[in-house]
């Protein structure tokens with residue numbers, strides 16, 4: 001049994017990937033599921049669709065690999081974080097649809113908590129800010145809007161879980177109600193210093209303790225699957241939220257290692273080791289994957305760009321500049337540079353390190369000679385500019401805490417295959433940008449955690465030696481020129497928030 005099965009449950013689809021012991025992909029299956037928008041600002045998923053698509057892809061991936069469940073050493077789970085489910089403990093029946101991390105319905109409740117002066121306590125205990133993004137307000141909303149839910153929760157009849165807990169419950173036939181440290185750290189209820197649920201916060205936010213799952217380290221034995229599901233019982237030995245799993249899949253095991261996931265948005269995480277670092281630049285302190293119960297707790301700094309690869313979708317669907325996303329690099333490369341054009345894709349405001357929700361998008365520097373190719377190149381460059389500003393903030397936080405600035409950026413996600421973007425990113429940062437051989441790092445991270453949890457791997461040193469780069473993009477732009485480009489970007493950003 002030298003194969004690992006990663007269940008990668010995302011916001012729009014469920015995927016399953018079979019890895020061999022060397023971290024190579026043997027098979028992959030994927031199924032999309034419905035996005036539900038019952039009211040403006042609301043985003044929901046059907047919990048049973050999440051489960052059914054995930055189980056179907058697991059079976060498909062095994063069949064595609066020509067393997068049976070008895071060939072699998074362990075299962076690892078990685079998941080969209082913060083998305084919230086409540087179900088009946090006895091029957092496993094969900095009492096409502098899952099409220100997705102993107103859902104903003106609980107902003108009035110979060111505003112009330114801020115007015116009550118809870119923001120400092122939440123940041124001190126959890127490392128987070130009070131926001132509908134995280135699970136706590138979603139739990140409270142369900143308790144107050146599903147008839148009888150709060151009373152049943154207080155009696156211990158209901159269970160809360162993020163998506164990993166829900167999948168674990170289904171896989172084990174209801175025997176296990178648990179999560180890992182990384183997912184717990186995204187609920188706004190978890191004390192990341194103590195590694196336990198915060199009783200004072202639970203009381204302040206009026207959330208019953210009886211709802212919550214047990215919390216285990218990310219690489220550990222969570223339980224065994226029901227034999228009938230896959231044809232043989234398989235241990236579940238690894239769980240991590242998607243961004244922490246991606247950092248782990250990038251062999252980000254030590255302080256100072258950083259990764260950027262280029263998806264619809266961009267998610268930048270830097271491992272800070274056993275040191276919890278507070279940010280003065282609008283970043284979030286969160287838990288990194290925990291793999292050794294005898295070692296100190298591990299932490300990370302996290303920041304996100306709202307519009308990353310989505311700017312390419314805008315070029316396609318909004319401007320009709322390209323027919324498909326794969327055309328953007330060729331169009332951008334048809335001109336030597338952006339011709340002074342700067343695109344600031346603040347379509348939904350600006351995230352870290354700016355935190356300007358009122359910002360709106362802008363195209364700056366247009367002249368009579370500007371073409372759609374210049375706009376396409378500027379749009380692509382905007383992904384790198386935003387990531388560079390974020391990494392600069394992260395490095396400043398690291399240095400302020402006595403550490404070192406980031407010296408290398410590991411990249412993954414769909415847009416990392418764009419060589420033009422990756423080279424420009426390296427040029428702006430002045431450090432190597434490294435693309436791994438396996439860019440499915442979220443699933444790989446879950447598989448690696450499962451391999452550690454079941455004893456297939458001896459430790460993270462073995463995994464670090466196994467990680468391989470596909471290409472290193474080295475900076476070629478003079479630093480003075482890079483500074484000029486960043487200064488022009490910052491001037492354009494200021495124009496998007498000008499009164």
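Glycine is treated like the rest: Cβ placed from N, Cα and C.
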Q) Given that Swiss-Prot lists 11, 81, 82, 242 as binding sn-glycerol 3-phosphate, which residue among 3, 37, 133, 262 does it place in the same site? A) 133
Q) Which value in Å gives the longest Cα to Cα span across the ATP site residues 11, 12, 13, 264, 309, 313, 414 as recorded? A) 18
(Q) Going by Cα-Cα distance, which of the binding-site residues (81, 133, 242, 243) sits nearest to residue 15 (ADP binding site)? (A) 242
Q | Listed in sequence order, residues not in 11, 81, 82, 133, 242 with Cβ within 8 Å of the centre of the sn-glycerol 3-phosphate site Cβ atoms | A | 79, 80, 83, 101, 186, 241
Q) Going by C-alpha distance, which of the binding-site residues 13, 243, 309, 313 is nearest to residue 81 (sn-glycerol 3-phosphate binding site)? A) 243
(Q) At a 10 A cut-off on CB-CB distances, which of the binding-site residues 82, 242 has the highest count? (A) 242
Q.
An 8 Å radius from the center of the 81, 82, 133, 242, 243 Cβ atoms defines the neighbourhood of the glycerol site; name the other residues of that chain inside it, in order.
A. 80, 83, 101, 186, 241
